[in-house]
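These notes concern the structure reproduced below.
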Amino acid sequence: MANYKVDFTSKDSSPSRDLSVTNLSIGHGQKVALDDLYEDGTVDQVYQAKARILNNSIQEIGMGKYQIYLFCCAGFGWFADSVWPLITGLILTPVINEFKFDGPFLSLAANIGLFVGAVIWSFGCDIWGRRWSFNLTLLIAGVFGLAAGGSQNFVTLASLIATLGVGVGGNLPVDSAVFLDLVPGTHQYLLTVMSVWWCLGQLVVSLLAWPLIANFSCASSTNCTRSENMGWRYLLFILGALTLLLWGIRFFVFKLFESPRFLVGIGKDAEAVEVIRMLAEYNSKTSNLTVDQLVNAGGMNPEKARVAQNERRVLSASSSLGWDHVKALFKTRKLAFSTSLLIFLWGKPFRWLIIRVSSLCTGIIGLASTLYNSFLPFLLESRGNAYGDGSLYITYRNTFILSVIGVPGAFLAGWAVELPYIGRKGTLAISSGLTGAFLFATTTARSSNALLGWNCGYTFFSNIMYGVLYAISPEVFPAKDRGTGNGLVFSATRVFSILAPIIALYANLETATPVYISGALIIFAGFLALLLPYEPRGKASI
């Protein structure tokens, strides 16, 4: 394949329109491959040429303090996505004792909010940009999380939980796009490591819930009053305040630069160059990227391009509320197959649902994990009661132990995805298979400690699985359509998250059937992962 090089020191230089391999020299003459995933014609070639130039610029600037701060601030989104969906399971027993309702309805309310948030913020960040979505999601979650702690009845609690879910639901789709847009291609694997924030969220909420709910909750539903049942309220107050603190750091301390690839995607080349300049300055580097280089890459006369940019609307035609971004993800057979398979991994059509609800999709991995994770607190408590140690203290102690186990899985995932011959697809397939195997093994437990041991294995490998899945999905979508792609896959799994509590209302939770279904589906998803046509290892996202 032919090479093209960009001279960043000359304002008049123009890159070749040969869109193939790009090599960049960094430090001591080392060459770093910056090929992207797409062959000619897969994505818009003007955008592809400009995106490669931007990739080169970001790679020349290198991994610096801005990206480190971004890793932390974007990680707050993973943290929130872990904390708030988990909270409905953790507070379920004391809330039921006080408000007297069917438990799955609380999960249903939360997941409806998460679905709405996934749709609004992920599709929206391709329309109005990343910064608004990035800065508002945590604010919504924190405000309504605090308010939920003061709920006087179930309807109020469910409504506030659903509203905070609207904020939480947009965190992962938006924050993964934000991180990929501003990190050098050689460090994209850090998106997989980002799942450590998800594990830390589980760890923090479990550590808080353990003493609060165990010590400040009614023993039963008999005469359970607010004053005797404050533990879950204390938990919501603390988590709401913590979420607002994280939002404050994002908004007041850290300044998010708009995605330069989003900007060139809507024709704002000058603004994209300015972002690259600010990024370089923040990292104590310099960049000689010019507007003319981007304009020339697009094959347009520089003067006409400046006039066009001055006349461009806030919401450009390419970012209209139409199907343009969706169509772009199905432009070629290979890209269409990749997008469809990712949606299928996150979402699987069930015939009995299609008969009743036109072409509704539910998540394979979302189905499996929601089935199992929704039932996990019940499983720990009910099996614990059968084994003679099902107290709230033991249940939340075990939840805390499982949270600790997940942390090293995030770092192992970041290492594994860069291994030759394994990469993202291999790591996803292996971790999915092992996750399913440990799920099956939990049904053999005959003691509380045995159940905890098998669940430790499940938690460890499922965190690897999710870390890779949350990374590979945005990596294979072009930046200008990445929010939309994230919206498609996250919406698929959120759909089943809505259906899972409905199933729970009618399912017999005393059996191991949900566990068997979950294990089989996760193993099946592992095999499907091997069919993905794109392997992001060693490639630069555009």
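Cβ atoms are placed via backbone N, Cα and C, with glycine included.
Range annotated as transmembrane segment by TrEMBL, chosen from 26-45, 46-65, 426-445: 426-445. Confidence annotation: the domain 'Major facilitator superfamily (MFS) profile' (53-537) carries a mean pLDDT of 83 in the model. Of the two recorded stretches, the transmembrane segment (400-419) lies close to the transmembrane segment (189-213), with three or more CB pairs under 8 Å once pairs fewer than 6 apart in sequence are set aside.
With pairs at least 6 apart in sequence, the transmembrane segment (68-92) and the transmembrane segment (515-534) have fewer than 3 Cβ pairs within the 8 Å limit; the two do not touch.
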